[in-house]
Each structure stands twice: as C-alpha cells, then as structure tokens.
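Notes for the one structure printed next.
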Amino acid sequence: MLDNQLLRENPQYVATQLLKRGFQFDAVTFSQLEEKRKALQVSTQSLQNERNLRSKAIGEAKSRGENIGPMREEVNKLGAILEQQKTELDEVLKQIEVISLSLPNIPHESVPVGKDELDNQEIRKWGDVPAFSFPVKSHDELGEALGQMDFALAAKITGSRFVVMKGHLARLHRALIQFMLDIHIQQHGYQEIYVPYIVNADSLLGTGQLPKFEADLFKLTGDNGYYLTSTSEIPVTNTVREMILSAEQLPIRYVCHSPCFRSEAGSYGKDTKGMIRQHQFEKVELVWITKPEDSYNALEQLTQHAEIILQRLNLPYRVVALCTGDIGAGSAKTYDLEVWLPSQNTYREISSCSNMEAFQARRMKARFRNPDTNEIQLVHTLNGSGLAVGRTLVAIMENYQDEHGNIHIPDALKPYLGGIDIISVK
C-alpha cells in the first residue's frame, strides 16, 4: 500500500510513476473522492458538534421545566442528517480504500523502465554453459527413464502439474533442502523459522496477495477464510504484523523451508510438462525486516546469498534486473536469478529477490521506534528464494547428465547423500 499522504498531496506524481509499470491510476477521480471525503468529514464533525450542543441545551431546558418537544424534534432531524452523511462518508472511504489496495508499488529510481521481460537488464553472469557431445534430455525425460519421476501417477492421484518422485531423486530433492538451509543458517547467519502452511485473509492482505491476486491462491472450504500459502514469504513476513520493534532488533533475517501451493491461474499452456510450473513445490525462502535506510544494501546481500547456493552447486546462472513492466506489484526493485537449462537452451528463473520497501509494512502496520527521533516508523521488508527446490533439482539433472542418462551428484551434495555420487539408469 502506498503512503496515503503522498496520494492525497501529489496524486499526479503517483500516476506518473505507476505509468512506468503500465498501470493506469486515475488521479483526477481519486482527487475528487478525496475532496468529497474532506467535505463530508468537516460536515459530519460540524453536525456532531451541533447535535451535542443542542442535546446539552435540551438537558438544561428540561431541568428548568420547559417544553423540550420542539427542541428534541430538531435534534432528531439533525441526527437523521448526520447518519445519512456518515453513511455517505463510509461509502467514500470504502471507495478510496479499494483504489488504494489496488495500487502497485512505486518502482525505485534504479529500476530500468520497460514494458515486459524483453526489457529486463542482465547484470552479470556466472559459470560456463556446459557443452554436451550428445543430445541433451529434459529433466522429465531423464527422471522417467530412471524410473524415479512419475507425472502420470501424480495425475492419477491428483491431476496435472504434480509429480511423484522416489528413490535417489526423492532423496536428492530432500538433500537440496537441507543443503540450502545449512548454508543460509551456518554461513549467512539467518535464523530458521517454522510457520503454518495455511494462512488467513489478513496475512494475505498484509503481504499484498489480496485482494488483487486471489485467483492465484487455493482457498480452503469452510467458514475460516483460510488459504494454502503460495510462498512462505506470507507467513514469515506477517510475524511482524501489528508490531512495534526496537531498532536493536533490526535487521531480522529469517530462512524458512515450506511447501508452496499455487493455482497457476493465467498459466494455461505454459510449461505443461515437467516440474518447472507445479501446483505444489518446495522452496527455501529468505526474508529480511530492516530499517528503511538499510534495505537496498540488504537487497544486494540477499541476492548474493541466493547466488552462493548456485555457485556451490556449480550451476551456470545470470542475474537480471527486472524492468518496471515486469516487477511484481508489491516490489520496488527485483533481481531475478536465472539458471541455465540445457534442454531449453536458455536461462530460467530460479529465484526472485525483492525489496518491497514499506509497501507491505504499511498494510501490516509493521513498525519500529527510531532511537534518534523517538518516532515510530515503518520497517522495510525484503524476500527472495534461496532457492526454489524443484527448479534447482531440474537444473542439476539437466546440467549433470551424461550420455547414458545418468545424473552425477554435485560435490557439495555428496555428504547429504551418504556417499552416492551418481544416480544411474538400471
């Protein structure tokens, strides 16, 4: 959510900044609603004061034994007008809130201006793209040939965009989770956190998934209004909702492993085969809560921490700065890490690292006390995948395959697999 004061005082500036995203904000309509709000608030306050004065006069007249009938009738008329204006004011406030909740974040000045992913800017590359002397296979072909990855069975159990893994591939998948957690906790200094995989609407509103992106979520039946979490960013970030932190507590750095559940609305026809786009997948998430002045340095650190996982696994990747037309609605700036997939002969996203600035904090009322001014200020929140586990498995399978369809284990993962160094076709 954007700053209400900024919206009220300079809606045209907001409209200009959001236009960089391709988002049309009707500043004129918003300003008209604001003028109506101010007029109604002044009017209702005036009517409230007038009614209070007249009610007091009725009490005084009654104590003197005077006829208060006409006076009471006038107060009742005032009360009816007041209630009508309160109703109008509530309606205007709701309209303003709907608009405010629909607005995306203002992009940081360093974000490249562009329309879509074609305008994203490559920042750096790491690692050499492997050259194979044989026709490469996709991860799903490799997994099915190994007899350890079964999409048809998953479709029978549930439906499309699910997978059943077993044997060494399932073990490799689990090893990746532990490896990522160990690096982030032991070497990067994150605190591990375990959170619910089911969240309520307030949490989703706080991090910005609601109201705009409900179609991307799995909502549970019943009266609780619960949803399966689409990323552990949601519950982890909401741990500071409606809190006033001390400056000494910042920065907070959490790492969390969780399953994620996404409906993939709008993804019809995209990545229909394999594990690239699933309804259920695992992710190791990094979340930072910082002071405003520290958040962009934190974004660089968070991104580097995610990169280190790819480097330890010796997976070629690149870092891309998303343009204004491609960053997520709540993000002020985002770096994507894209890993090389030989079967597609291209880089594919494996992590998004974002600075949300105060966008989520304002929704969540997540604040801290500034010791220099003693003022209560909004924190900044950041998040990034460190990494998406399924896509990391995909990248290992494809980059570490041999001509026989075997998968060689990266050196960094061998201690997690009891000495297994190859997953072989039987």
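Cβ coordinates come from backbone N, Cα and C, glycine included.
Not measured: the values here are computed from a predicted model.
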Remark   = Given that Swiss-Prot records Thr231, Ser232, Glu233, Glu285 as binding L-serine, the matching residue among Ser110, Ser133, Ser385 is Ser385
Query = Of the binding-site residues Thr231, Ser232, Glu233, Glu285, Ser385, which sits closest to Glu349 (ATP binding site) by Cα distance?
reply = Ser385
Query = Cβ distance under 8 Å to Ser232 (L-serine binding site), same chain, sequence separation 6 or more: which residues?
reply = Val195, Cys256, His257, Ser258, Cys260, Lys283, Glu285, Val287
Key: Cα-to-Cα gap, Glu264 (ATP binding site) vs Thr231 (L-serine binding site), nearest whole Å   = 13
Message = Run through Ser263, Ile350, Ser352 for me and report the binding-site residues whose CA is within 10 Å of the CA of Ser385 (L-serine binding site), in sequence order.
response = Ile350, Ser352
Ask   = How many whole Å apart are the CA atoms of Arg262 (ATP binding site) and Glu233 (L-serine binding site)?
value = 14
